[in-house]
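Asker: Before I ask anything, here is the structure I am working with.
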C-alpha cells in the first residue's frame, strides 16, 4: 500500500502501513509504548485518527493487519464473514461509520446496529472505537443487543447480571461454599457461578463442578456453573461424566497468542461440541465462556502483524472477539485491570479500555461482560472501579464479576464486591436476569420492590441457604 | 454470640458477610479495605532504604555493592519491565569466579526487602559452607531478570535474586527467591526456580526458605541447569512472572 498522511498545524505525518495507522490512532496506553507502536506525540495520534477516519471500511476487507496465510484467527474471521450483514455501511469510511452508529443509537435503532455484527471484522470495530469518545462507546454499546441463554437469559435491556466468583486459595470446599452462599444472599450469580481453580487438574475441576452443581440443584437456581480450568482439563472432566454446564477458555487475538494459552481452534471446536451435547441448558444452548484482555498477545510475544510490525493491543483484543464469536458463547468478558501497569497504567487507561472492550465486543455480536478489576501496582482504586462500573451499567454491559469484599484471595487482585453490583443496579435501575430475579423472589431474598434484603443470620431465608454450609 | 454468618467467616479468608449500609459497605468495613489497599500501595511506591539494607547485609562479612536498573524512576519501572531487566548504562561490577551470586532487588515491594532480605541471606549463607559467594548486590528498580547480567558480570555459576513480590491486600511484605543457573541476559523464565512468600511469621520462615533454597542450589549445581528440568523441590516459575 502507499503511505497515508495527514497534515496538522503545518506538520505532515506519514504512516507507511495500516498496522501503524491503527496503532498510532489508539488512545494512549502503556502496552503500546512497551510494544513500540504507540504514537510518539498527541499530534501524531490525532493525525493517525484523521487518516483512519477517511479510510473506507472496505480497506479492512482488502488489507490485513495480521496476515491471512500466517494466522488462523485472520482466516477464521475472513472465511466466516457475512457480506450481506455489512451492506448497510459498506460504502462508509470509518469516520462516517462512527456517525452512522451514533445516529442509530440516538434513534434507539437496536436492530440496525446489532444486525451488522457478522459482517464486521474485528479490525473495523477496533478502528471505529479509536475515533470514539468514552460517551460514544457508552451510547452505541447500549444499543448493540446481544441476548444469550443457558439456564438464565443474559443481555436483555434493563438487566445487569453478575458472575459470582467464590475462589479459594486451596479450592477448599467449605471455603468456596462460604463465598458462594455470601454471593447468593447478595443477589449475585445470575451470569454464572464461576471458580478459578487453584489447581488445574481434572479431579479438582470435577470436585468443584459437583460442589456448585449440588448447590444449584438443591435450591433450583436458574444459573450455570463453570470451573475456569484449561479447555483440555474440561475435556477430561467431560470424558469422566462431570456435570459441565459451560466450557471455558482464555483466548487471544493471534494464532501465536492462542498457542501461548495452549489452545488451537480445532481444540475449541471439539470442546464446545462436546459440551453442547450434554444439553444441560433450559432456556438456551450457549455453552461456552471466554475471557480476554488487552495485552495478552504482547505478553506472549505474539503481537506482530504484517511486515513484522507490532500491532496495538486494542486491535488484537478485538481479534480475540473474532475467535470467541465463532462459538456462540453464553459469556465473554475482558479482565480489564488484571494484567498490570505495563499494559494499562492507570485508571484513565483502564476505564477507557473497559469501555472499548465492551463496545467492540457487543458490536461484534458478543454477550460482553467486564471484570472491573485492578492489581496493587496499577494506579487504580475503588473510586475508579465505581466510575467504570457505573459507566458500564449505563452502556448495557451484560455482566460484571463479583467476589466477597472485592478481595479475590486466590488470584490476589481486586474485583467488584457484591455490594458494588447492588449499588450499580440501584443507581441505574437495573435488574438481574429474569429467571434469577424470579428465583430471588421465590426464595424471599428480595423485597416487594425487588431490592435484595439485608438479612440477619437467623432470618429464615438466610437459614435456608446457609444450611448448605454445614 | 456466634451465628451462621460467623460460620461463613470462619470458613474462608475471603471477606464474606461484611454487612451493608444501604447497598454499600458499612464504614468500618470500608476503612478496613482502604487500610489494606493503602499498605499495598505504599509497599509498591516507597523507595528502598538502600543504606539500611546495605548495612544489614554487611553483617554477613561479604562486600555489598549497589546497582540500579535502566529504569530511572518508579513510574518508568512499572511501565517498562524491559528496562527493569537491564543494568543502568555504565554499571561496572568486579568480575571473578564464584559458585553463587546473591542479588537483593526491590521489585514490587521494597518493604519486603527491608524486612526479610538480610534475615534470608544470613540463613542461606549459613547453609552453604564451602561455596564461594560473590559480593552481595543490592539492586533498585529491578526485575527478576536483572540478576542475569549481574550474575554474568560477577562471574557466578548460579544467581539467586531475592525480590519484593507484588503486594496483595493481606500481604504487602512478601519476598520471592529466584534461582537461575548460568546467568546471562536472555534467560527464559522457564529456566528459573522460585520460592515464594517468604514472610515470617505469616508466610515461609527464613530457615525453611533457606533449607529449600540450599537443596535447590545443590541440585542445580549437580545438574548444571535450573528451571523446569529441576523439580526436586520448589516450583518452576510460571511464564510471564518475571
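Placement of Cβ uses the backbone N, Cα and C atoms for every residue, glycine included.
These figures come from a predicted structure and were not determined experimentally.
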Asker: Figure out which of A:270, A:277, A:291, A:454 sits with A:163, A:164, A:165, A:196, A:371 in the substrate site per TrEMBL.
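Answerer: Matched candidate out of A:270, A:277, A:291, A:454, per TrEMBL for substrate with A:163, A:164, A:165, A:196, A:371: A:291.
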Asker: In TrEMBL, A:197, A:249, A:299 are given as binding adenosylcob(III)alamin, so which of A:368, A:410, A:443 is in that site too?
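Answerer: Same adenosylcob(III)alamin site in TrEMBL: A:410.
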Asker: Sub-8 Å Cβ contact with chain B: please pick out which of the binding-site residues A:196, A:249, A:291, A:299, A:371, A:410 have it.
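Answerer: Cβ contacts with chain B under 8 Å: A:299.
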Asker: Just the number: how many Å between the Cα atoms of residue A:299 (adenosylcob(III)alamin binding site) and residue A:291 (substrate binding site)?
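Answerer: Checking the Cα atoms of residue A:299 (adenosylcob(III)alamin binding site) and residue A:291 (substrate binding site) gives a distance of 15 Å.
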Asker: Need the DSSP three-state call for residue A:249 (adenosylcob(III)alamin binding site) to compare against my parser.
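Answerer: For residue A:249 (adenosylcob(III)alamin binding site) - judged by DSSP and reduced to three states - the answer is strand.
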Asker: May I ask for the distance between residue A:197 (adenosylcob(III)alamin binding site) and residue A:165 (substrate binding site), taken between their Cα atoms and rounded to an integer number of Å?
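Answerer: So the alpha carbons of residue A:197 (adenosylcob(III)alamin binding site) and residue A:165 (substrate binding site) sit roughly 10 Å from each other.
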Asker: Far apart in sequence but close in space: which same-chain residues, 6 or more away, have a Cβ under 8 Å from residue A:165 (substrate binding site)?
Answerer: A:194, A:195, A:196, A:401, A:402, A:403, A:408, A:415
Asker: Compute the C-alpha separation of residue A:410 (adenosylcob(III)alamin binding site) from residue A:164 (substrate binding site), stating it in Å without decimals.
Answerer: 14
Asker: Which whole number of Å gives the largest C-alpha distance between any two of A:197, A:249, A:299, A:410, the residues noted as binding adenosylcob(III)alamin?
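Answerer: So the maximum pairwise Cα distance among the adenosylcob(III)alamin binders is 22 Å.
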Asker: Would you kindly give the Cα-Cα distance separating residue A:249 (adenosylcob(III)alamin binding site) and residue A:291 (substrate binding site), rounded to the nearest Å?
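Answerer: Approximately 7 Å lies between the Cα of residue A:291 (substrate binding site) and that of residue A:249 (adenosylcob(III)alamin binding site).
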